[in-house]
Amino acid sequence: MVYSSTSSSQNRPDGEKHVEAVGSSTRIPSDELVDRGGGDTTTGKQSPRDIHGWKWATAYSAMLSTTLLFALDNTIVANIQPAIINDFGHLELLSWIGTGFALGTMFILLWGKVYGVFNIKWVYIFNIFLFEAGSALCGAAPNMAALIIGRVIAGVGGSGMYSGTLTYVSVLSNDQEKPAYLAGSTVVWGIGSVLGPVVGGAFAASSATWRWGFYVNLPIGAAFAPVYFLLFPSFDPYPSKTLAEKLRLVDWINAVIFLAGSACLTVVLTFGGVVYPFNSGTVIALWTVTGILLVAFIVLLKLHPLVAKENRLYPLHFFKQPTLINMQLQVFLSSGIILAMTYYVPLYFQFIKGDGALEAGVRLLPLIMFMVVASMVNGFLMPRYGLIPIWYIGGSSLALIGTALMYTVDDSTSNANIYGYNILIGAGTGSYIVAGFAIVQSLVPVHEIANAVGAMTIFQDLGMVLFLAISGSLFHNVAVDKVGKALPDVSHTEIANLIAGSSSKAFQALSDTEKALVIPEIASAMTTIWAFFLAAAALSVVCSFPLLKAKIGGMEKRTAITAA
């Protein structure tokens, strides 16, 4: 995630204030002059908000609470998946517990456009309601299908809350205040990401059960509800426009096509070879529909008869800028590696080392903490000293070394070694995982900054969704094959249930002799996941070297704060 204080003043004949909010970037008029070249300037000294003192502190705290919940929900299921499978079964849907939430966050591109058109307060509150409703459905879910639907809804609302927080902070603070307030969001996001697996593991191991990993969002949301309604300022970017006029400013058709295509791609990657054979009619049909929707999306970006060019979801001419595309690929790869690691490192410790859910969650701390710290150090140093290629080459190289070492992990590898490998991956990816959000702002004109950052955000989400889906499919297919060979007398269904987690009934029912046969095969199956991450890190290294010749300047002229 990235937060930038760059702003732009735009005069409008109708006297409306223009707000561009895309994913994690919002632009508003302010009064501190910053020269970007080409005559574009920004300004900002006076605080633009009407609330101050305890009211503003309370409102800001409420915004941070939504960031905490969103970050917590992003990683909380990493350690409660085995308990969920124990209750519901359907191992083939295991990856959807995480993928469903990540898929819902794909709405962040649409929410960014919506916040730039409609009243921020009510869009924000609507997203809080969506998130809480999704959490309630997850907690009360009677089956796996209901849980996955709840996760998708929570992801949709959570991405809207996150986008809303950044929009509000950008609208309600000037350029001097903005870095400090956004740094607060950085810290809270890091805390939530670290606590997620630990909190989830604690609930899974207690009498409260895994359901409270989702219910916990409800009392926190209820406690801050009065603040949302009474203290959050009402801010309408286009007060003189009618609802119909506002609706025409959003590219709804292409948004639906994009989301449908993302869903089809995720389904085929998750279910291919797990639920349906790779050569089945269902898988072939899903790939076909995905391709058709992709073509339709690109065509409408170029030739949309109902939406003005500046209001389309993605500027097609960005594909003509190699460095900008490089930044999008880098955030896709690094974000995918980190999120998938938070799911499979605990699974390794539970299966191979016999950890409980809580203990396995704690084992993630080296990975997450070093990622957060490295990201914050990058956000502090890169805008001041530049050296952009070094951050990318150095960071991706560390990630490559870490993933290569993870590829050597087996059932006898010491915990200390795994911690060290995780530190390399965390520090490496953290060095550049969100650096591109600030860099792209030096590659485009002021009026396209929001679009550039929005494109980065959607590639970040795509990386998380697709890496979870691919990792889940790889693990399931390889583990079923290897464990099946180790236990030839056990049925395919029982083996599928067995690899759901060390707390699964099927695994617990094994004798010590059988467990001794299965555990090395599980560790071996996980090497396919580490190999996938290794390939992604290697691609990241390769893509980093062209940055040595890329013209990326002016970073020191803009205030940018990056956060994981």
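The first residue you see is number 1, and the count goes up from there.
Cβ atoms are placed via backbone N, Cα and C, with glycine included.
Since the structure is predicted, the reported quantities are computational estimates derived from the model, not experimental observations.
According to Swiss-Prot, the features are:
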type: COMPBIAS; residues: 1-12; note: compositional bias 'Polar residues'
type: COMPBIAS; residues: 29-38; note: compositional bias 'Basic and acidic residues'
type: REGION; residues: 1-48; note: region 'Disordered'
type: TRANSMEM; residues: 65-85; note: transmembrane segment
type: TRANSMEM; residues: 91-111; note: transmembrane segment
type: TRANSMEM; residues: 122-142; note: transmembrane segment
type: TRANSMEM; residues: 152-172; note: transmembrane segment
type: TRANSMEM; residues: 185-205; note: transmembrane segment
type: TRANSMEM; residues: 212-232; note: transmembrane segment
type: TRANSMEM; residues: 255-275; note: transmembrane segment
type: TRANSMEM; residues: 281-301; note: transmembrane segment
type: TRANSMEM; residues: 332-352; note: transmembrane segment
type: TRANSMEM; residues: 362-382; note: transmembrane segment
type: TRANSMEM; residues: 386-406; note: transmembrane segment
type: TRANSMEM; residues: 423-443; note: transmembrane segment
So what's near the transmembrane segment (185-205) in sequence-distant terms, Cβ-Cβ under 8 Å and 6+ beyond its ends?
1, 3, 63-64, 67-80, 82-83, 165-166, 169, 211-213, 216, 342, 346, 356-362, 364-365, 368-369, 372, 375-376, 379, 561-564
Short question: most Cβ pairs under 8 Å with the transmembrane segment (423-443), which of 65-85, 91-111, 212-232, 255-275, 362-382?
362-382
Quick one: find which recorded stretch in 91-111, 212-232, 362-382, 386-406 has the most Cβ pairs under 8 Å with the transmembrane segment (255-275).
91-111
So if I exclude everything within five residues of the ends of the transmembrane segment (332-352), which remaining residues of that chain have a CB under 8 angstroms from its CBs? That is, six or more out.
74-75, 78-79, 81-82, 98, 102, 193, 196-197, 201, 359-361, 363-364, 367-368, 371, 395-396, 399, 403, 409, 411, 418, 422, 425-426, 429, 432-433, 459-464, 466-468, 471, 475, 501-503, 519, 522-523, 526, 529, 533, 536-537, 539-540, 564
Report, as numbers and ranges, every residue of the chain located at least six residues beyond the transmembrane segment (122-142) whose Cβ falls under 8 Å of a Cβ in that stretch; write 'none' if there are none.
66, 69-70, 73, 88, 104, 111, 114-115, 149-161, 163-165, 167-168, 211-215, 217-218, 221, 228-229, 232, 234
Kindly say whether the transmembrane segment (152-172) and the transmembrane segment (65-85) touch, using the definition of 3 or more Cβ pairs under 8 Å where each pair is 6 or more positions apart.
yes
